[in-house]
Amino acid sequence: MTNKRQPVTSDPPAVTMGKALSLLPKQACHEDSQDSLTTTQEDDGKREDVSQFPYVEFTGRDSVTCPSCQGTGRIPRGQENQLVALIPYSDQRLRPRRTKLYVMSSVVVCLLLSSLAVFFLFPRTIDVSYVGVKSIFVTYDEDKRIVYLNVTNTLNITNNNYYSVEVSNVTAQVQFSKTVIGKSRINNITAISPLGMEQVDYMVPTILADDMSYMYDYCSLQTIKVHNIVVMMQVTVTTMYFGHMEQVTQEMYQYVDCGGNTTTLRGAQPKVSNAPIPPE
């Protein structure tokens, strides 16, 4: 009787080892991904920590001196336009504070200054008021039957501006019976201070002659105390400020005594002298 031995197979253990070996790569990959993720997080944390510290030069064996600043932290003055500074995006210098507040404040200040400039520099009118006749100087020419009248008038000129105004000239003329009997012009009179008022006197020499020689009999008549005649006075005041010229014209009718010298005092009545003055 022959005994035959069957070969013993070890398939189950081989299968088991195959399964065990097949699980090793998956676990190794998972561990590698976790290690790389942990390393990335650590690197990010180190970068954030390093960005919070200023520049420090280390002079150890493994350190390298910065070629731009040579370890001083400052670059040479002649290389400002040649070097480029690398600033982290999270640096606060890239996010200035109160920018909107500064911009709004600048706009408000500019508007305020512009409004003040317009208010103070805006041109305003010059007021001219006729006060009246200040004095009259009368002379006669008996041979030519001519009456000479030197009429002095007074004006009040008011400056309503916030800057000085120069009165360049005053032009005046006197009409009697629609005929011009006298003209006058005064140049470079005065300068009026801001919001100020100046009183200006001007004299107009007038002549009653030729077609109006009949006025000699009326003005020299001794039986009449007051020899009033009505004349129309026209005055033009020219002012200048900031290179701009402005003219103000007024017309008024005034009684003038041609019988003698008359002087009007403030707060007093006109004094009349009927004695005619001979010509010079």
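Heads up, residue numbers simply count up from 1 along the chain you see.
Cβ atoms are placed via backbone N, Cα and C, with glycine included.
Annotated in TrEMBL:
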DOMAIN    34-100  domain 'Transmembrane protein 106 N-terminal'
DOMAIN    123-263  domain 'Transmembrane protein 106 C-terminal'
REGION    28-47  region 'Disordered'
TRANSMEM  101-122  transmembrane segment
Could you tell me what the rest of the chain brings near the transmembrane segment (101-122), counting residues at least six beyond its ends with Cβ under 8 Å?
162-163, 242
How do the residues of the domain 'Transmembrane protein 106 C-terminal' (123-263) split into helix, strand and coil according to DSSP?
9 helix, 98 strand, 34 coil
